[in-house]
Structures are given as structure tokens and as C-alpha cells.
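As given in Swiss-Prot:
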- Gly8, Leu9, Ser10, Gly11, Ala12, Gly13, Lys14, Thr15: ATP binding site (BINDING)
- Asp58, Leu59, Arg60, Gly61: GTP binding site (BINDING)
Amino acid sequence: MRFVIITGLSGAGKTQALKAMEDMGFFCIDNFPPALIPKLADLFYQSKNIDKVALGMDLRGGQFFEDIYSSLDFLKKNNYDYEIVFLEASDEVLIKRFKETRRRHPLSEEGRIVDGINEERKRLSDIRKIANYIIDTSNLTSSQLKEELSNIFLKGKKFKGIIIDVMSFGYKYGIPLEADLVFDVRFLPNPFYIDELRPLTGNDEKVKEYVMKWEEAKEFLKKLGDMIKFLIPYYVREGKSQLVIAIGCTGGKHRSVAIANALYDLLKKEDYSVVVNHRDIGEE
């Protein structure tokens, strides 16, 4: 039985996450009151027909905090296993999402959206600390979020339970704050100075071929892959559920994208749970 609670910041993708879980065969309920968890758990753990349940929860309200903790205590006392997925995103991305949907943040009242986001982060900080998986959706599309959840909850992956998130970025836009490991690939020849490659990105085959034709690129990728594979079991041993590997070049469009994709392919081929995203590929 997999009993999953999905919560997090408003606008971080809870609805999309539940849709993804439903596609994976989970019985999903959105906006589920935490106080009813014990009854639902009793029902499903005794059922032979349902073995995967995902509950979407809004935990902003004061009473909900008391309810969720008492309900989690009930699950522990009855040896009911559960997992918590916490979704979050950067302030900038959340503000953009609220503006695009023309929705008001539930905690902003008449104030600014960012004030509501800050208040919600404070209220949810404790539940975030006990989450099994924390997923930053700032740079994830719906399909990438689905892939990340699939890597966690579908069987057959090496070191199931840890997600390897490979990210490319441009140093001119800053190092990703969420990165656990950062690697600088500005030592590689830059496709930017090749006229026909400048308007392309590392997702294009011509740029990929240019970057990976250099011996130093091939050797770097091999050594990087070996190091990551060496480290993963130790991160798992320490209870880490997500490893964010950031690959940086000057603008985040050519070298870092090509190397991030190559690292993703290398790890994916060996059946690790891995996703890739390119933070700055659309920047000018």
C-alpha cells in the first residue's frame, strides 16, 4: 500500500501532480480534510482493491495544522506507512503563475501576492521539514513534473526514493540556490563564437556535436558520471530524497545544456531516477 499526501505552496502544481498520480494508477482525492485521514487510512488499508492512494491537501489553515499532525500520529501508531510530497517554487515563478491565471493568492487578502507567498512559506515550514520529497517546480513543465513523480513512485528504478535533478544554468544569471553540486563547464570551447551555432542551443544536434567532439568534454562527462554514481548510495544512506546537480556556462544556452543533456542520458541509460531542465535557455 502506498499512501501519499501531496501538499505545498499555492500555485506550485498540486493539481498537476494529482493528475500525474492518477495517470500512474493512484486513487486520488483533492482538497482532502486532514482530520479524515484516520478513517480513510483504515478503509484503504483493509481494502484489497486499492493499493495506491494520493491525497491533495491545503494545509494553510490554523485548524488543519493540528489535524494533520494528530492524523500523522495515528498513522504511525497503527503502522500505516505514508509519504509526503511537498511542492514549492520561487517567488518570481509563483507570482507569474498567479498573474497569468488572474487568481488572488489565498493569503494575500487585499495585499500583494508576494506577501501571501511569504506568509504561506512561514505557515508550511514545519510540514516541509518532515516531507519525504521536496520538488521545486520553478523550471518544470507538467510533463517533467509527471516524470519526476514517476521516478519516485513507479517501481524498477535504481535507488528508488532519490531523484537526480540535472539542471543547466548561466553564470550571468546566478548560481541556482537549490543546487547541491555545481560544476563549471566554461573551460570547454564556446559554440557562441561560431556564427552558425550562436542562435542555436545545446538541445540542437549541431551544438551537441560541437561540444562533445572535444576530448576534454568526453573525459569530463565520464569522470562526472563516475563521481555521481559513487556519491548516490551515500546520499541515499543519509536520507536525501533529491539531488540537484547544476551545470553552468556563461549564458546557460550552449555548453551547459549539452553537458546536462549528456549527463541525463548517461544516468537514464543506467536506470537512475533522473530529470533534466534548462533554467536559462530562454534568456537573451
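Keep in mind that glycine also has a Cβ here, set from the backbone N, Cα and C atoms.
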Taking the Cβ of Asp58 (GTP binding site) as the centre, count every other Cβ atom within 10 Å, in any protein chain shown.
16
Measure from the Cβ of Ser10 (ATP binding site) and count the other Cβ atoms within 10 Å, all protein chains considered.
22
Report the residues of the chain - excluding Gly8, Leu9, Ser10, Gly11, Ala12, Gly13, Lys14, Thr15 - with C-beta within 8 Å of the mean position of the site's C-beta atoms, for the recorded ATP site, in sequence order.
Leu87, Glu88, Ala89, Thr137
Where does Ser10 (ATP binding site) sit in DSSP terms: helix, strand, or coil?
coil
About how far apart, in whole Å, are the alpha carbons (Cα) of Thr15 (ATP binding site) and Asp58 (GTP binding site)?
11
Including all protein chains shown, what's the count of other C-beta atoms within 10 A of the C-beta of Gly8 (ATP binding site)?
28
Using DSSP, would you call Asp58 (GTP binding site) helix, strand or coil?
coil
Among the binding-site residues Gly11, Gly13, which residue has its Cβ surrounded by the fewest other Cβ atoms within 10 Å?
Gly13
